[in-house]
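Sequence annotations record features per position, and here Swiss-Prot assigns coiled coil to 569-643. Look at Swiss-Prot and you will find 464-475, 524-544 tagged as compositional bias 'Acidic residues'. Swiss-Prot lists 492-518, 609-635 with the feature compositional bias 'Basic and acidic residues'. Summarising the annotation, Swiss-Prot assigns domain 'BRCT' to 319-412 and lists sequence analysis as the type of evidence. Feature annotation from Swiss-Prot assigns region 'Disordered' to 437-475, 492-571, 609-643.
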Amino acid sequence: MVKRNHKFKSGEGAMYYTRKAAMNKLQLNIKDFRQLCILKGIYPREPKHRARAQHGSREMKILYHKKDITFLLHEPIVWTLRDRKIFNRRIKHAAAKQNMNLRDIRLHNYPQLKLDHIVKERYPTFIDAIKELDDCMTLLFMFSTFPATKIITRELTRMSRRLTVEFMHYVIAAQALRKVFISIKGYYFQAEIKGETVTWIVPHYFPYSPHRGEMVDLSIMKSFGDFFTVMAGFINYRLYHSINLVYPPQFAHSLDSDETMGNEQKFVSERIAALNVELLRSDGGNGDTEEPELLEWTGNDEELPHVSQIRQEAQNVNKLKTLFKGLKFFLNREVPREPLVFIIRCFGGKVSWDKTMFVGATFDESDETITHQIVDRPSMEKQHISRDYIQPQWVFDSVNQRRLLPTNKYFMGAVLPPHLSPFTSANARYVPPEELAARKAAEGEEEEETFEPAEVNADHEHISDDEEVQDPENEQEMQDYALMKAFNDERTDSLNSGKKEGADDATDNGKDAAEKKQQQNGDGESDDEDEEEEDDDDGEEEEDVMPKKQKPVSNKPKGMAVRRGTVYRENEAEKKIVDKQEEALRARMVKSRHRKLYSKLVEREKKADKNARLLANKRERIEKQKRAEQMEKQKQQRKQILA
């Protein structure tokens, strides 16, 4: 007898578990199941045919892949979560009997989760962990600003603060910071670590305000925080040893004073959090970083067309690392201390602040060697002539443009220029005019400081990158010009062939041989512009030799005259119609299995065009309003002068 195939026992119907079935399989409640999935990186799946995956049901359910649930069955943490359930029941039982000693003993023996093997399992290589460092640092920086609550414990907030300070010290020592930006969400930082870009957000330092429970589930965020603290500890350890720094961080010199005698650990942690001290190195060197030597490419640029761009980018990054070298900054009390200290230290500058503001100040406000004082107030009573009083935005804009900007636009009380985001694409559809001006200024400086590569093959002609890659618009114009020229030449040839016989009959027999030869050459030559100009020059020379009275009359055929060509201009309406027809044709040529993806790409392009158009219109309205306000202001000033 043939074995019968039952429905939903194979194929897509046997590939998925619902969340309830997965919890029953693992014998866990919803809280532990969520925590386990977060730690292991298991997420719900979307089946191709939901009705088949749910055994005929069309209800929207959370589905997990059967292989993922089978993978969780072999996880040792599952046993720890089950033991926690038993301990929770025993602790409640001891508290109900008011046996506090037994309750404390069971709390002390409460099973702890060990996540080391999960970190190694999810990130087999160190570069894989660096790629996932964005969310890790963003969450830890947020937890470091939280107070201790019932869910977010004090131990988690302290560990988050320690790990973030250690990470900032590494970025300072490695000079890895590349981009900074201020937004309503916080401070954006982007660093280049081991060839990977890491972007994280530091929230603004405002007082903590509790939220409603339905807005954010802090228990889920705590699960992420527990995993990210273990992960960040491993990463900081590897990063510190990669640049020969001692981990955990220590001071490069001893601090024997009355303050350290009381609580040395607290004193050292505060000084490290100040971000203003050099850390101890394992190789015994000082904190000064040596400038890396740029190796010149001695081969042909034809083999690697982007060598010049790579070389220029390396030079720009090398200059950026020492942007604030030789400058001394002093921070006023009203400006945010930690982000500014972090940025200035990353680019080689020296910084200090008021001693009553935070520990770790190295010089006072009265120091005459201070070059810049960062303030955020309209005016100050006492000012020093030897320094510039600037607003904090100058530091951020100088880093993003990779040059020291003029300070006159950032003076105390001045209206600041727009703060442009560095996280934009070069091929963006809308670019603000201020950003275009900044790009032109940067390109002008790069042209002044050109780099001359080593010449090895001087015999071969060097072709620059601009010559190799032609502009598509210029190429199209050249093609249009060539087509129009060919059309005019063909039309002139046809006219000449029809009038050639009549021109031969009209020739005069009394002309001399020189005029006949000139006429024959004129009839036989082509109608190219260059050759006609040569013939005209020869004719003018002969006319100068002959007397004025014997000047011959030219009997060239009328068809030989050069006519001015008309410039072809496209009709915008017809062009739009043709573009729509081509787009419809491309959509028909897309295969059925790729149509959904193609429609998404088309919608994305339309959305980008719409956003660019809206931004351009908004900018135009703002500029128009500014001009109207300026005109109104000028009118009022004129009235006041006349009055």
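Glycine is treated like the rest: Cβ placed from N, Cα and C.
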Helix, strand and coil totals (DSSP H, G, I; E, B; other) for the domain 'BRCT' (319-412): 25 helix, 15 strand, 54 coil
Integer average pLDDT (0 to 100) for the coiled coil (569-643): 89
Secondary structure composition of the compositional bias 'Basic and acidic residues' (609-635) [DSSP: H/G/I, E/B, coil]: 27 helix, 0 strand, 0 coil
